[in-house]
Amino acid sequence: MPTTPPPAVPGARTLAVYPGSFDPITLGHVDVVARALTLFDRVVVVVAHNAAKAGRHLLSVEERVDLARRSLAHLEGVEVDVVDGLVVDYCRSRGATAIVKGLRSGTDLDVEAPMALLNRELGGPETVFLTADPAHAHVSSSHVKDIASHGGDVTAHVPACVARALNLALGQTPGQNSDHRGPHDHTEGRPS
């Protein structure tokens with residue numbers, strides 16, 4: 001049976017953890033972080049790293065962290081970190097008050113609700129679900145990778161730095177539409 005969390009300490013700063021693979025980070029992810037900042041003092045975007053599944057990702061954990069940092073640099077109160085264990089353990093170590101998850105559809109809820117219950121069972125914080133902005137509800141990291149792998153323009157769905165990184169990772173020459181500093185690119189340069 002889950003335990004009741006301790007009451008909030010007046011004046012205490014709240015911290016939410018937003019875990020995911022972020023392979024790659026999309027404008028939908030950026031929107032969830034920005035909206036989470038209206039509910040919490042700080043948000044830690046936690047890039048999941050599982051060495052056993054490293055080959056499943058297009059981008060390395062280092063690239064995903066770098067792109068997340070660059071994509072979120074314009075937001076105050078955001079940190080990007082890596083977790084290679086249980087998210088609930090990470091939350092406890094950081095004193096997180098909540099886990100944030102974005103929901104694009106009922107299918108996402110079908111996956112995330114049982115995970116939220118398991119996290120509570122393991123002593124983790126409550127999970128707060130934020131529904132996707134309709135402008136981003138149809139976009140997933142998998143869709144973005146698929147479009148990019150076929151030479152499509154993904155700049156409407158990811159920050160420009162991510163579009164460039166995808167082109168590099170896929171061995172493509174950036175096209176006219178994806179090799180510019182767009183409205184969603186908050187820093188210059190390529191991922192390290």
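In case you wondered, yes, glycine gets a Cβ from its N, Cα and C as well.
Under the heading domain 'Cytidyltransferase-like', TrEMBL lists 17-145. Per DSSP, the domain 'Cytidyltransferase-like' (17-145) is made up of 57 helix, 29 strand, 43 coil.
Around Glu112 (ATP binding site), the C-beta neighbours below 8 angstroms that are at least 6 residues distant in the chain are Lys101, Leu103, Thr127, Phe129. Per TrEMBL, the feature ATP binding site maps to Ser21, Phe22, His29, Gly102, Leu103, Arg104, Glu112, His136, Ala137, His138, Val139, Ser140, Ser141, Ser142.
Feature annotation from TrEMBL assigns region 'Disordered' to 172-192.
Per TrEMBL, compositional bias 'Basic and acidic residues' is recorded for 178-192.
Annotation for Ser141 (ATP binding site): same-chain Cβ neighbours under 8 Å, separated by at least 6 residues, are Ser21, Phe22, Asp23, Pro24, Ile25, Thr26.
Site extent for ATP: among the recorded binding residues Ser21, Phe22, His29, Gly102, Leu103, Arg104, Glu112, His136, Ala137, His138, Val139, Ser140, Ser141, Ser142, the largest C-alpha separation is 18 Å. Non-local contacts of Val139 (ATP binding site) by the CB criterion (under 8 A, 6+ apart in sequence, same chain) comprise Thr26, Leu27, Gly28, Arg104, His157. Within 10 Å of its Cβ, the residue among the binding-site residues Leu103, Ala137 with the fewest other Cβ atoms is Ala137. Around His29 (ATP binding site), the C-beta neighbours below 8 angstroms that are at least 6 residues distant in the chain are Tyr18, Gly20, Phe22, Val45, Ala68, Ser71, Gly102.
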